[in-house]
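Pulled from TrEMBL:
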BINDING   Lys23, His24, Thr25, Leu26, Arg27, Arg156, Leu157, Gly158, Arg159, Gly160, Gly161, Gly162, Trp163, Tyr164  ATP binding site
BINDING   Leu71, Glu76  substrate binding site
Amino acid sequence: MTDPLNEADRLSQADRRAIVEAKHTLRAAVLARRAARSGSGRSTANAARTRQVQQFIGATTGPDVTIACYLSVSDEPSTLELIAWLAVQETRILLPVLTGEGRDRPMWAHYGGPDDLVSGRYGVPEPTGERYESTVLETADLIVVPGLAGNEQGDRLGRGGGWYDRALGDSEAVRLLLLNDDEILPAIPVEPTDRSVDVIVTEERVVQAR
């Protein structure tokens with residue numbers, strides 16, 4: 001197995017700059033396209049994507065399951081309906097907590113319902129319960145991760161903070177990325193430390209990474 005840290009050392013400064021610039025350009029394009037989507041189109045896509053995820057979870061997990069997710073904000077593909085549905089199913093739900101200053105990865109806490117949430121770092125809602133290090137993800141069966149784009153090989157473009165790449169570590173849980181269908185692209189600029197995903201779910205399809 002290739003050590004990503006050793007692999008990263010082999011990248012020249014020019015290579016790194018080119019990848020970083022390509023990521024920056026692609027992020028800006030995706031964010032602009034998301035901002036331009038109509039409210040009705042976004043709502044329709046969110047409902048269809050949530051149904052796709054529900055069907056995937058129903059087909060691939062058992063009754064006693066732990067799922068790590070995130071609370072979507074703004075024009076991100078919505079997770080709010082998914083989390084509400086998981087709560088009704090009495091699924092154990094882990095959510096990230098980014099309030100700790102100086103941390104290079106999120107802490108995690110169990111979701112206890114909408115009344116359990118407070119506005120955290122960057123205005124993202126966070127649970128108030130006991131916090132756990134990212135090693136708690138070893139107990140998860142599925143991790144729903146955010147992103148801006150991906151490809152059919154499972155490469156993922158995040159927002160640039162690197163939190164999820166570090167948090168995922170060597171977790172063996174299935175990693176599921178939520179996207180709009182036009183955000184599945186032929187190629188994604190990646191660095192050796194970027195973590196891939198196993199499944200991409202859009203409003204139109206479920207893509208198993210190959």
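Backbone N, Cα and C define each Cβ position, glycine as well.
What TrEMBL annotates, mapped onto the structure for a quick look.
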residue	record	Cβ within 10 Å
Lys23	ATP binding site	21
Thr25	ATP binding site	11
Arg27	ATP binding site	16
Leu71	substrate binding site	19
Glu76	substrate binding site	19
Leu157	ATP binding site	23
Arg159	ATP binding site	15
Gly161	ATP binding site	13
Trp163	ATP binding site	18
Pairwise Cα distance maximum in Å, ATP-binding residues per record: Lys23, His24, Thr25, Leu26, Arg27, Arg156, Leu157, Gly158, Arg159, Gly160, Gly161, Gly162, Trp163, Tyr164: 20
Leu71 (substrate binding site) versus binding-site residues Lys23, Thr25, Leu157, Arg159 - nearest by Cα: Arg159
Alpha-carbon spacing, Lys23 (ATP binding site) to Glu76 (substrate binding site), which is rounded to whole Å: 18
Residue pair Leu157 (ATP binding site), Glu76 (substrate binding site) - Cα distance, angstrom, rounded: 13
Distance [Cα-Cα, Å, rounded] between Glu76 (substrate binding site) and Gly161 (ATP binding site): 16
Secondary structure of Arg27 (ATP binding site) (DSSP, helix/strand/coil): helix
For Gly161 (ATP binding site), the three-state class that DSSP assigns: coil
Where Leu71 (substrate binding site) falls in three-state DSSP terms: coil
